[in-house]
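Here's the structure we're looking at; comments come further down.
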Amino acid sequence: MQIITAVVRAFQLLFAIIVLGLSVALAKGQSVGSAPAITGYAAFTGGLGIVASLVGVAAFFISSLDGLISWAVDGLASLVFLAGGIAYAVILKDADCSDVSTTWDNQILSGGCVKVDGDKTCSFGGEDKLKSRCTSAKANTAFMLIDFVI
């Protein structure tokens, strides 16, 4: 049974690292203004997932962590991952990564927008970069929801 738990914890850690990495990459790609709050929240979920997986691993060796403490941390991490995954899914619901018209002004994908003479201008850095940000954000959504399940 401990082997199965260790494997699950390893996947939990791996997916949390992926969520953190994707979120930080999306935040660093923001060229106008600061990154959207949801991107920061996604980075937080990745960090919390890392902590939760490490607490779970530590519970193998420290009996006082096994039980209520690890369950509480896992429960909190699960809820945070679920909320982040749902929020990303809602924001990206109409985004088709191969169609610029559905992604150019999305708050997660655009890299930031400003109004110039009444026209909205977004700094997404070209179609290839926009498509890359879109696939990264969709992968981030998937990994948050997978980490919720784990």
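Cβ from N, Cα, C; glycine included.
Quick caveat, the model's predicted, so the values are computed rather than measured.
As annotated by TrEMBL, domain 'MARVEL' applies to 4-149. Confidence across the domain 'MARVEL' (4-149), taken as the mean pLDDT and rounded to a whole number, stands at 91.
Packing against the transmembrane segment (6-26) from elsewhere in the chain are residues 35, 39-40, 42-43, 45-50, 52-54, 56-57, 60, 81, 84, 108, 133, 136-137, 139-140, 143-144, 146-147, 150: each is 6 or more residues past its ends and has a CB under 8 Å from a CB in it. The feature transmembrane segment is assigned by TrEMBL to 6-26 (among others).
Remote same-chain partners of the transmembrane segment (38-62), defined as residues 6 or more beyond its termini with a Cβ less than 8 Å from a stretch Cβ, comprise 2, 5-6, 9-10, 12-13, 15-24, 26-27, 30, 69-70, 73-74, 76-77, 80-81, 83-84, 87-88, 91, 107-108, 140, 144, 147. What TrEMBL lists as transmembrane segment is 38-62 (among others).
What TrEMBL records for 68-91 (among others) is transmembrane segment. Residues of the same chain lying 6 or more positions beyond the ends of the transmembrane segment (68-91) and with a Cβ under 8 Å from any Cβ of it are 19, 38, 41-42, 44-45, 48-49, 51-52, 55-56, 59, 106-108, 137, 140-142, 144-145, 147-148.
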